[in-house]
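Colleague: Dropping the structure in here first, questions after.
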Amino acid sequence: MARKTAAEAEETRQRIIDAALEVFVAQGVSDATLDQIARKAGVTRGAVYWHFNGKLEVLQAVLASRQHPLELDFTPDLGIERSWEAVVVAMLDAVHSPQSKQFSEILIYQGLDESGLIHNRMVQASDRFLQYIHQVLRHAVTQGELPINLDLQTSIGVFKGLITGLLYEGLRSKDQQAQIIKVALGSFWALLREPPRFLLCEEAQIKQVKSFE
């Protein structure tokens, strides 16, 4: 019986977290209240306080409970094409899948909360994603899939700007966003395969890339 009670308590806690995500997106983190979260979860305010000390702790639980689609793990055996396709799939998930979209909206639109929790979580997700991209591109270079003199740092900087724009537009508008994301990321990959001069690095940097082989 005790085990069932613990399971029910965990189920209630998760319902509160899921409800809080929706309320934070709809009302904004600063304006959301525990009463609103409780009503959305179908529980009493007391039940919320039984699991959490306050709204800040609820927010912490929301941010810790989810992995953003763009927090990818690089697997060399997956191959370059499939590794890049994973980026496309993750981007589509981030702006279309209901809960992933809500989490994206929290990280992007609510990032200036006074606690700094959302900003820190956004930085964590961004750093992990950019690390993945760096691993994919570096592996592609060492495997001969991309030019040996490709400037990885500049390429990733350009890519970061592209992804930021796609996320903002993808969350804001539904019109042909899936197609735009596919075309934009496919075009960037084609650009990396035959990069213009300003995406190429000097000979000294090429030697540094070779050292990773």
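Cβ coordinates come from backbone N, Cα and C, glycine included.
Take a look at what Swiss-Prot says about it:
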- 10-70: domain 'HTH tetR-type' (DOMAIN)
- 33-52: DNA-binding region (DNA_BIND)
Colleague: Counting by DSSP secondary structure, give me helix, strand and coil numbers for the domain 'HTH tetR-type' (10-70).
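Modeller: Per DSSP, the residues of the domain 'HTH tetR-type' (10-70) fall into 44 helix, 0 strand, 17 coil.
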Colleague: Mean pLDDT for the DNA-binding region (33-52), rounded to an integer?
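Modeller: Result for the DNA-binding region (33-52): average pLDDT 95.
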